[in-house]
């Protein structure tokens with residue numbers, strides 16, 4: 001029993017003693033010995049209150065109701081004071097919402113016992129017997145009705161509270177075990193709640209996470225998140241972005257952030273952000289994207305990437321006045337493969353790729369077409385001689401002795417050159433012209449170049 005309720009019961013007893021003593025003096029209450037009655041009231045209240053504190057339960061409630069019945073009926077006014085049982089039963093029972101039916105039964109027994117005592121002449125009454133029984137019957141019915149209504153209301157309220165508590169516990173459990181971090185902020189973006197999943201996902205405690213808000217988002221992704229925040233304030237739709245967040249170990253991790261505006265929701269009144277670490281997924285996607293556009297052995301662009309680059313250049317998007325495609329075919333590559341093995345052939349291809357990449361500018365595109373064929377897109381040259389100069393430089397570099405696969409090898413190549421202006425020809429046509437020129441160089445004798453000018 002709460003401390004406040006214990007004090008209330010003791011104060012109630014003292015007030016009862018004073019009031020009944022005054023009424024007794026005018027012959028209006030307690031026909032018997034008032035001092036015996038007062039002693040019984042005070043001692044009974046102290047004992048029952050102590051028991052309720054030490055051992056709350058139905059037994060203590062029954063004892064309290066018995067004391068109440070004895071006190072009420074000893075005053076001589078028991079039949080008209082039955083409503084006090086409602087207050088006593090409701091306040092004393094430690095779990096009224098769950099036990100109200102049992103308490104109602106105890107109250108009925110207490111009233112019935114009191115009325116029986118009046119009827120048998122064992123308890124005093126200022127009313128005649130017939131009036132006392134009628135008053136007790138009416139009062140008992142009123143008490144029963146009131147306690148049933150209060151009991152059902154208490155039970156419904158307790159059930160609702162239990163549901164709310166269960167929902168909160170489930171919500172906390174879901175948030176704690178979730179792979180998503182949930183953050184709720186006010187309209188200014190100040191966090192008011194961070195789920196404990198942040199420890200598992202971000203490697204920080206909630207307090208540490210709150211303290212490092214300023215450095216949390218990658219500078220390159222700040223604009224994306226700010227735009228999302230502005231859109232979020234403008235409506236209640238869901239917004240999703242991908243951004244890099246700083247992990248506790250200092251690394252930047254990719255996160256998918258979804259957000260909703262629930263400022264108008266009375267249960268939330270905030271902006272709700274859920275974010276999860278998608279670094280592994282992002283890395284895998286980047287790997288797939290890289291593999292889709294790059295040669296696995298050399299790391300150069302593959303034929304698909306070359307077609308894309310050529311198409312873009314040929315469409316006229318480039319501002320350059322002139323460009324060229326260099327088509328390379330390695331002479332004697334099959335012999336290296338047959339005599340030294342495929343590992344040596346792969347090493348030769350990798351060296352060739354490295355040489356091509358080092359011989360052109362960063363804006364140019366170098367690709368492996370397959371086997372021992374390569375292509376270079378020079379996106380901006382002054383005239384055809386610039387393309388010829390690049391081809392001769394590469395041919396000369398490949399011809400230098402190079403230690404490959406335990407041997408000193410010289411690589412010979414035939415190069416076809418096709419020059420054109422942006423938008424003058426399609427990608428396939430420009431590549432075909434370079435291929436044709438390469439075969440002309442091959443027929444003329446290996447280790448040389450031929451120009452197929454596409455300039456009108």
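Glycine is treated like the rest: Cβ placed from N, Cα and C.
Look at TrEMBL and you will find 167-236 tagged as domain 'PAS'. For 239-290, the entry in TrEMBL reads domain 'PAC'. What TrEMBL lists as domain 'GGDEF' is 321-454. As annotated by TrEMBL, transmembrane segment applies to 35-53, 65-90, 102-122, 134-151.
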Open item on the list: What does the DSSP secondary structure composition of the domain 'PAC' (239-290) look like, as residue counts for helix, strand and coil?
Closed with: 12 helix, 27 strand, 13 coil
TODO: Give me the mean pLDDT over the domain 'GGDEF' (321-454), rounded to a whole number.
DONE: 91
Task: DSSP helix/strand/coil residue counts for the domain 'GGDEF' (321-454) - done: 59 helix, 42 strand, 33 coil
Open item on the list: For a three-state summary based on DSSP, what are the helix, strand and coil counts in the domain 'PAS' (167-236)?
Closed with: 40 helix, 10 strand, 20 coil
